[in-house]
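Asker: I'd like to ask some things about the structure below.
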Amino acid sequence: MSPANPFTRRKDRIDELAATAASPSGGIAEAGAVDEKPGVSLIASAWSRLKRSPVFLLGAGITLVFVVLALVSPLIAPHDPAAGLLLDQVRPQSNPVPGPQDGFPLGADSRGRDLLSRLLVGSQQTLIVGVFATITGLAGGLSLGILAGAFGGWVDALVMRVVDVMLSIPSLLLAFSIAAVAARPSQVTVIIAVAAVQVPVFARLLRGSMLAQRSSDHVVAARALGVTERAIVFRHMLPNSLAPVIVQSTLVLAVSIIDAAALSFLGLGNPNDRQPEWGQMLGRAQTYIYDYPHLAIYPALCIIVVALGFTLMGESLREALDPKSRR
Amino acid sequence: MTDTATTPRPSRHGDEPLLSVRDLSVTFRRQGEEPFTAVDGVSFDVRPGQTVGLVGESGCGKSVTSLAIMGLLPPRGNTVEGTASFEGTDLLRLPADEMRDRRGRDIAMIFQDPLSSLNPVVSVGLQVTEVLERHRGMSRKAAQPVARELLDRVGIPDPDRRLKDYPHQLSGGMRQRALIAMALACAPRLLIADEPTTALDVTIQAQILSLLKELVEDTGTALVMITHDLGVVAGLCDEVNVLYGGRIVERGTRHELFANPRHPYTNGLLASIPRLDGARGAPLTPIRGSVADNLPWDHACAFAPRCSQPVDVCTAQTPPLEESGVRALRCHNPVR
Amino acid sequence: MARFIIRRLLQMVGVVAVLSVLLFAWLRSLPGGTVSAILGERATPETRAALTEAFGLDQPIYVQYLKFVQRAATGDFGVSTGVLPGTDALQIFVDRLPATIELSVAALGLAVLLAVPLGYLSARRSGSPLDSGLVILSLVGVAVPVFFLAFLLKYQFAVEWNWLPVSGRQDSLGCTRITNFFVLDGLMTREFDCSASALKHLVLPSLALATIPFAVIFRITRASVLEVLGEDYVRTAESKGLTARVVRARHVMRNALLPVVTTIGLQTGALLAGAVLTEKVFAWGGIGDALARAFEVRDYAVLQVLILAAAGIYVFINLLVDISYAIIDPRVRTR
């Protein structure tokens, strides 16, 4: 390990993750360790350990509930999340936020809309922000990574230099700056800002793991057998780079949802709240937070639980796929 | 245990043994897995000044044996049974802090991979002087010339410079020499060497072995040599214990064992060494299979599936360790 | 060692160059173009023309970039339009820097002092209830939005229980200002009540800001100690009979801290971003506060200074980290 420039370390951490892709059939058995069956692939052995891991099961359980909720919530929500049903109870001076009552177990927000329905339906937009931000970031990173890898030489050097500099800007600050460029903020600009931060991470991750594989035995063997370069990239290198990408994606899902909330908090989020999203609900609750903290606490709890679910899943995946942890 | 291993052997020169290991067993227990007995009732003696070999393939329990004696097994997940008495004190029952006082002073150890066994961020000098500071109560300053002397004695050129160097600046052979210097810093009475030459180039291997031989002869330090390499045994050991599957299968003096191997495993090990004086084109005879084929010792001989001359009883009954003098053998159907 | 530092400094120059291009591109892509972005609503035709001239917007793009670099080099980033209208943007940064440094140092100090010993303890007792509890705590720590935690702390300890001040850096005690580091100033002038007040104000914001660095540093320390504990050289140290204290300090921690030092450097980035949110909640009056305000009112003159400064500080701190890394690790130093 040698630091090559002022921000090597963040690069190194990404590269370390990338290296987990390099050995498709796993780590070195210690002397005396008798549980290492020959020929069991890294993925298969990782899966067999994941099935027994309570941390992974908890994370996967939370994620599953969240996704199902996001899909069915419009059907089970008691009210229309955009309709100001209790608007007549809103008194800007004395009672800006209607409390819990019959049919409205959590009360309403400052525009008289049912809080429970907004929370339920909010899962949908939250999932959309998380998934699209991750996919966009991944797609951007993938393109840059392949561009750098395919052309090599100065294109590679240039792309990676820009990537490294982007990594040298504190990520949330970068997201804020990109969101600030948008003349008319919307859900799309939020997704772009959150995703842009992940582009350099994914680019570096993919390029790192492809480079690690370029010299690995199975790729050298394939090349020696006369497999075309294209087939090597798509059939051998990309599939084996998947493990670190999946791990990173899971973690990015959590980060995106939290970052989106921070954008809303700074007024850089989606101003249209007819389609509720947890981050937006939390970011906007600041107006009434000392008098009506529940407006912030409910969406915050939702975000924390879901982010924790993704994180638990990602971390246990990382551990399971890391050849080093197989001791 | 159905063995006769517990009966102490008559001593060779009439000396009391320096280290006497009796019925040593180490079992690893990991959550969700079957307990695994790595060392299974091993007994042997080491007399002052003597060099004793523990020989076997990887996974036969030889390293675990040495770590158990040193008290260096991980604190959890294993059970150690039996005794290892060093000058009358059972090391296995010693409180942790008393064991700490003895390690590096009375018993020292050198390991297989000299690069990973040295702390990369601490200078070689400090890694030598810290032993002197700890066990001989020297100040770091007073320890400097002693450390210099030690490096010189193990054949490291320009010791003054090397004291300030870091491990990555030394060659592989020099690193192992530095480790030997650390181990010998307090003139221990027993030195355990765990495959000290395996990670080195062949020419360096010979240098390190002759250095070890010279040092134990000069200082009278007893040496336990752990190796898979019978060549090392031939050049160094007075007495050899052959381990298989966590148990001793044969023991004898170096000459007896090389001249007259009785266990098919020992015989196989010797036959699989390429010989320069053999007939041209004579095939090497490897031992077939691998440790993975082992049977459990409970009702069989663990080596039976790989044996060149198994008989029916080998898979039905545990062979006992039969001893006469230094010689010992665990086999239903010995060679010759 | 000198060569090592010089090489890093040269690389830093390259980074700042690329950063300036990115910042320039960012400014050019702002809604309504640079002039409206900087002048905002108050733009009269005269001021517009003056600014167009000053920025060289009528000239080729590379000239514009060079002018931008020239102005940046002389510290001329324009005048604030929203945060403190009429004030020089660079001056806002300079005035507010001590507040943010004070908060960041307190938060990072808190995070490191708690995370490193706990990470060691957790690794030593891996699998114990203490370990599991701390690991879960650290995972929850990164899942909680910083500003929500800040609100929660403020609501509970300041608003509900009234134990600690709600916002600001100090009560108005008429304290003498020397460095604008309020705690330090109080000590220097022997106005100890000033220091005490500043410390009291620091508690909640630094707690909120410390959570994420704590969680990350804790987990890196734990993983790193676990890995080092399995290294051969630790076994060698034990085989030499060294005292537990020497084994821990010289052989375990000295190696285990290498990745931790790196992580601490990286966390300064999270700290700067977290400061934007935390300072806003506690009306701290530092750079983060100003940045939050600048984002809300789109005060681009202030934004460009503060973003460039934040990135610069981050790169600089990581340079310091690399140098300290080289001091600890001889393999880097003597190559």
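Each residue, glycine too, has its Cβ placed from N, Cα and C.
What TrEMBL records for C:9-27, C:103-121, C:133-153, C:198-218, C:256-277, C:301-328 is transmembrane segment. Sequence annotations record features per position, and here TrEMBL assigns domain 'ABC transmembrane type-1' to C:97-325.
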Asker: Can you tell me which parts of the same chain pack against the transmembrane segment (C:198-218), counting only residues 6+ beyond its ends and a CB-CB cutoff under 8 A?
Answerer: 102-104, 106-108, 110-112, 114-116, 118-119, 122, 134, 137-139, 141-142, 144, 146, 149-150, 153-154, 157-158, 164-165, 168-171, 182-183, 186, 260, 263-264, 267, 270-271, 274-275, 278-279, 281-282, 284
Asker: For the transmembrane segment (C:103-121), which recorded stretch in the set C:9-27, C:133-153, C:256-277 gives the largest number of Cβ pairs separated by under 8 Å?
Answerer: C:256-277
Asker: What stretch, picked from C:9-27, C:256-277, C:301-328, has the most CB pairs under 8 A with the transmembrane segment (C:133-153)?
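Answerer: Out of the listed stretches, C:256-277 contacts the transmembrane segment (C:133-153) most.
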Asker: Restricting to the same chain and to residues at least six past its boundaries, which positions have a Cβ under 8 Å from a Cβ of the transmembrane segment (C:256-277)?
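Answerer: For the transmembrane segment (C:256-277), the far contacts come to 100, 103-104, 107-108, 111-112, 116, 119-120, 145-147, 150, 208-209, 212-213, 216-217, 220-221, 224-225, 227-228, 284, 286-289, 291-292, 295, 310, 313-314, 317-318, 320-322, 324-325, 328-329.
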